[in-house]
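For reference, the structure is listed below as structure tokens.
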């Protein structure tokens, strides 16, 4: 296994790491070793100072005083030297102790700095590792997303091709062209293998398919378009007839309601004519929405009912017949220009109806006979 080293960021020393030892642990181990070395050096110096030999005094030298030996000058000097040496040794020990404490504090501070630097290095390394892992995960996710998009694209191309064949009978030429262009765009995006472009192209194909829809939806759209054409035609006809159309939807509802009232009532011809005649005319609605009543509307435009008419002015001359059969309690009267009665009749009951011929310049008055129509 190759040797591994870590560099002390403070001293620049290269430290050999043990097997499996982390850089932080190696730095801490080396700092502890330095502390132990400093302590050993201090202890060695102190021991050396204390063990330094003093000059020996020969026994029996010097005088005595009061029964005690009297120190000679050499003895006193030797004793003084011993005291000084002791003080010096003590001072050295004190200084060395203070130096050891200072050195220990400095070493501890250095260790803390080195530990902080090592921790920061570890943090940076871990952050780099995490970023690398995240980048790898993102790349893998993007690759999977691209694979999914390609799979969806192939599926959409197959299904849209089948749909184009099935909808050919009812899709418009413009819709067919739109679908074909969308499919071509999807194929191009898949060849380029750009996921975002594939997703957009997929949505375009789906929109083209939805625009065509089912056969039922296509039929409903065609019916709606046809109905819009009828509605537009009605509004134009109504305006041409003098109707005021300020609200499209309201005008259309009114027209449909008019036809519904005719459809829901008595469908006999005479009743239809009478109904149309008695109401405000809406020939545009009949023409657009209920053309089955066009004949009745045509007759209703030619009839008249109770009242007095001037022949040649209000009505044309000719023979008029009651519209319905089985007329009861019917009175009619022809008069000249001066108001004199030319002819008249009160009919209690006429199963086949009543007919009267009138001429220009005459007056024609009727009551209770129903509608009259020119033959």
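In case you wondered, yes, glycine gets a Cβ from its N, Cα and C as well.
Look at TrEMBL and you will find 45-55 tagged as compositional bias 'Low complexity'.
Annotation source TrEMBL lists domain 'DUF732' at 231-292.
Residues annotated as region 'Disordered' in TrEMBL: 39-75.
The transmembrane segment annotation in TrEMBL covers 85-107.
Shown for the domain 'DUF732' (231-292): DSSP residue counts in helix, strand and coil, namely 46 helix, 0 strand, 16 coil.
Confidence annotation: the domain 'DUF732' (231-292) carries a mean pLDDT of 92 in the model.
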